[in-house]
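*Asks:* One structure is given below, represented as structure tokens, and several questions about it will come after.
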Amino acid sequence: MAEFDYDVLVIGAGPGGYVAAIRAAQLGLKTACAEGRETLGGTCLNVGCIPSKAMLHASEYYDAAANGTMESMGVEVKPKLNLDKMHGQRRDAVKQLTGGIEFLFKKNKVDWLKGYATFKDAHSVEVAGKTVTAKNIVIATGSSVTPLPGVEIDEKIIVSSTGALELEKVPEHMVVIGGGVIGLELGSVWRRLGAKVTCVEFLDQILPGMDDDIRKEAHKIFKKQGIDFKLSTKVTAVEVKGKKATLTMEPAKGGDSETLEADCVLVAIGRRPNTEGLGLEAIGLEVNKRGQIETDHDFRTKVDGVWAIGDVVPGPMLAHKAEDEGIAVAENIAGLTGIVNHDIIPGVVYTFPEIAGVGLTEAEAKEKYGEVKVGKFPMLANSRAKTNHEPDGSVKIIADAKTDRVVGVWCIAVPAGTMIAQAAQAMEFGATSEDIAYTCHAHPTHSEAIKEAAMAVQGKPIHI
Ligand SMILES: Cc1cc2nc3c(=O)[nH]c(=O)nc-3n(C[C@H](O)[C@H](O)[C@H](O)COP(=O)(O)OP(=O)(O)OC[C@H]3O[C@@H](n4cnc5c(N)ncnc54)[C@H](O)[C@@H]3O)c2cc1C
């Protein structure tokens, strides 16, 4: 009898876990994946990336019809919202994609262990009352919503991102607590469908972690679209009476408090790693101050045979980062060399226009390299964006002044999330701004703005 039931047991079937399990099986390892949810795909497919994009995409069509964009192009329609149907297509997308992972598990012979797993020791876990052993165990338990102390989420009036995807009617006034990616994406959905949206942010600017110019420009664009912002403001309490919530807020640096009424409050202040109930104490594994599991470069924890990836480990909480770590950890377990370059992980906000970045902000680049060269190009001067009535946004490229090597690319453009892939690839290949400037880009495309911004680093853009 084999010493272990499996070569690899992955805990959690989000984009980190399911990808790790599939790659481990592809590499000939006997693999199982434990998942407590009813469906595979984790946060991303069930309540995150996919359903939010389904609502963003559908609401974008509604908004284009309602706000005059379509009319300005000669398409005259009067939109009528069928919210049930919009939710239906969201649920359908989720069903198809989570079912797709089930198919991939079967195809690759990954056993799905249904239930939440708890460590008994470093090589065994209990799932649904059964003990399962494995030579290697990968923790990919992801993250869940960070609660706001004193504010109880009821998923009706005070909602998390999960509840905000499911609202049965368009709120009159939605207050979003937190001006990060999730708050702005879901705030945008309901603003487009007719809600008044106010975003309350503790910091003095939205989108923490992004380049300062991009943050300022994004703020202006969202304001123009009708979202109200209360920056440098702290929510101290939310009280629900009947169908209304009253928020009490005060300036972040102290001062007089004020109140705001809403019929929906979205708490979007971040996410925290899932380690509760995992039984880490049984294997002597501790979490850091932020509740994350620390690993080395190969995704090994300090316990032999136990590995960790995705939202539960440090780094940006993003699905593609989790997926890449999933591939790398499986390859490392199989004795290959699995690497993730954490310096080049693109981040995207899927609003209209999209906001994307990869690498360092200008401030970070200055700190790291001393002197930097910056090239900027406005989308207003990009022929495709202008023709499509999409003038908002810009591209910013930051290069090390000594070597011209590109160290950061930031853009706001309708397809910024797609455009940023070329920047990430160029940076992986160690490209200079000159390399990008002399790469032929198809015309007319939004991506030409990246070429022009690279030419601007050289001081010679053509179209501005
Ligand atoms: C509204 C929203 C929108 C988002 N949009 C994007 C986006 O557009 N792009 C992007 O890159 N990222 C996005 N994210 C973030 C993305 O969803 C996460 O970064 C990603 O899902 C992390 O993957 P993961 O595999 O680490 O964990 P998760 O996807 O969280 O999956 C972990 C899984 O583990 C399971 N689990 C936990 N504990 C146990 C246990 N003990 N036993 C068995 N199973 C367990 C959970 O049930 C869960 O299914 C979004 C998140 C939200 C909430």
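Glycine is treated like the rest: Cβ placed from N, Cα and C.
Annotated domain 'FAD/NAD(P)-binding' per TrEMBL: 6-326, in sequence order. The disulfide bond annotation in TrEMBL covers CYS44-CYS49. The FAD binding site annotation in TrEMBL covers LYS53, THR141, GLY142, SER143, ASP311, MET317, LEU318, ALA319, HIS320. Residues annotated as NAD(+) binding site in TrEMBL: GLY178, GLY179, GLY180, VAL181, ILE182, GLY183, LEU184, GLU185, GLU201, GLY270. The domain 'Pyridine nucleotide-disulphide oxidoreductase dimerisation' annotation in TrEMBL covers 345-454. The active site, proton acceptor feature in TrEMBL is assigned to HIS443.
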*Asks:* Between C-alpha atoms, which of these recorded positions comes nearest to GLY142 (FAD binding site): CYS44, ILE182, GLU201?
*Replies:* CYS44
*Asks:* Please average pLDDT over the domain 'FAD/NAD(P)-binding' (6-326) for the predicted structure.
*Replies:* 97
*Asks:* Quick check for the class: what is the C-alpha distance, in angstrom and rounded, between CYS44 (disulfide bond) and HIS320 (FAD binding site)?
*Replies:* 10
*Asks:* Counting only other Cβ atoms and using a 10 Å cut-off, which of the binding-site residues GLU201, ASP311 scores lowest?
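*Replies:* Output over binding-site residues GLU201, ASP311: least Cβ neighbours within 10 Å is GLU201.
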*Asks:* Around GLY142 (FAD binding site), how many other C-beta atoms are within 10 angstroms of its C-beta?
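*Replies:* Result for GLY142 (FAD binding site): 26 neighbouring Cβ atoms inside 10 Å.
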*Asks:* May I ask for the distance between CYS49 (disulfide bond) and ASP311 (FAD binding site), taken between their Cα atoms and rounded to an integer number of Å?
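*Replies:* The separation of the Cα atoms works out to 14 Å.
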*Asks:* Kindly report the helix/strand/coil residue split of the domain 'Pyridine nucleotide-disulphide oxidoreductase dimerisation' (345-454) according to DSSP, in that order.
*Replies:* 41 helix, 33 strand, 36 coil
*Asks:* Taking the centroid of the Cβ atoms of GLY178, GLY179, GLY180, VAL181, ILE182, GLY183, LEU184, GLU185, GLU201, GLY270 (NAD(+) site), which other same-chain residues have Cβ within 8 Å of it?
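*Replies:* Not counting the recorded site residues, we get VAL176, GLY187, CYS199, ILE206, LEU207, ALA268, ILE269.
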*Asks:* Output: those recorded positions from GLY178, GLY180, LEU184, GLU201, HIS443 whose CB lies less than 6 Å from an atom of ligand 1, in sequence order; none if no residue fits.
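*Replies:* Near the molecule: none at all.
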*Asks:* Same chain only, sequence gap of 6 or more: which residues have a CB within under 8 Å of the CB of GLY180 (NAD(+) binding site)?
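*Replies:* For GLY180 (NAD(+) binding site), the qualifying residues are ILE206, LEU207, PRO208, ALA268, ILE269, GLY270.
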*Asks:* In angstrom units, rounded to an integer, how far apart are the Cα atoms of LEU318 (FAD binding site) and HIS443 (active site, proton acceptor)?
*Replies:* 32
